[in-house]
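Per Swiss-Prot, these features apply:
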ACT_SITE  HIS269  active site
DOMAIN    30-274  domain 'AB hydrolase-1'
Amino acid sequence: MSNIIARFHKIQVQDGVKVWYREAGAAGNPTILLLHGFPTSSNMFRNLIPLLAGQFHIIAPDLPGFGFTETPENYKFSFDSLCESIGYLLDTLSIEKFAMYIFDYGSPVGFRLALKFPSRITGIVTQNGNAYEEGLDDRFWGPLKEYWKSYQSDPVFVKSLIPYLEDPANVICQYHDGVPAIESVDPAAYTLDIALIQRTGQTDIQLRLFFDYQNNIKLYPAFQKFLRDSKIPVLVAWGANDTIFSVAGAEAYRKDVDNLKVVYYDTGHFALETHVVAIAEEIISMFAEN
């Protein structure tokens, strides 16, 4: 019973990052790496972890720049760097084979890991984790696509994006948009996100990652080739009402994955807030060892 309760750790890895992570389940079970997105942390998996820990060994880190992970002063915030830090964590923990649960920013981090360690990936759960241009909903990405045509410190774009990043309402709406009954969403989740993202230096970190996101799109063909070549099983568990990564991004996985299951939920971006039990059941059904 004790194995299903998350244990908390902080460990310094090769690049100087002190990675804070949650761990649960027996180390002898198949490992699933849970990779969160913006603007949250591994806290988004708080309800999923005990549902999976009986069948899996769970590792859920806070990405650099998020949650309680600490970075050195000279850390360069890019998706390449985030991938490198998580790769160091996996090596430090001697984790050789693992499946991934990817969400939002966790998707480009996870797919970079797959390109770096293709033989180590045993499967993917993508919950609103995009790898296709058609999945980029312009209601969210339109302004950022214009920003990418300029330069990172362009004052016009920076001036418009800072209020977006610093307004708590823009965190809350990611939890509420597309959810039929918003009272079903735990307010503690976005309240923690808001508190963490309002810390000193956070706005600059998130601006850098916003600008760098364009480099993820350039890697989409490589991500897709990995899916075709690896033949790994993929579960697409998608909040169908997401206004950041659309259903078109979920459907696009059909082009490159043979061993695929696609499941839609009547909810928004943070599908675990409303459908955690259903998603856990799909993961166990597809990936647990009998």
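The backbone N, Cα and C atoms fix where each Cβ goes, glycine too.
Long-range Cβ neighbours of HIS269 (active site) (same chain, at least 6 residues apart, Cβ-Cβ under 8 Å): ASP104, ASN128, GLN174, TYR175, ASP177, GLY178, GLY239, ASP242, THR243, ILE244, PHE245. The DSSP secondary structure for HIS269 (active site) is coil.
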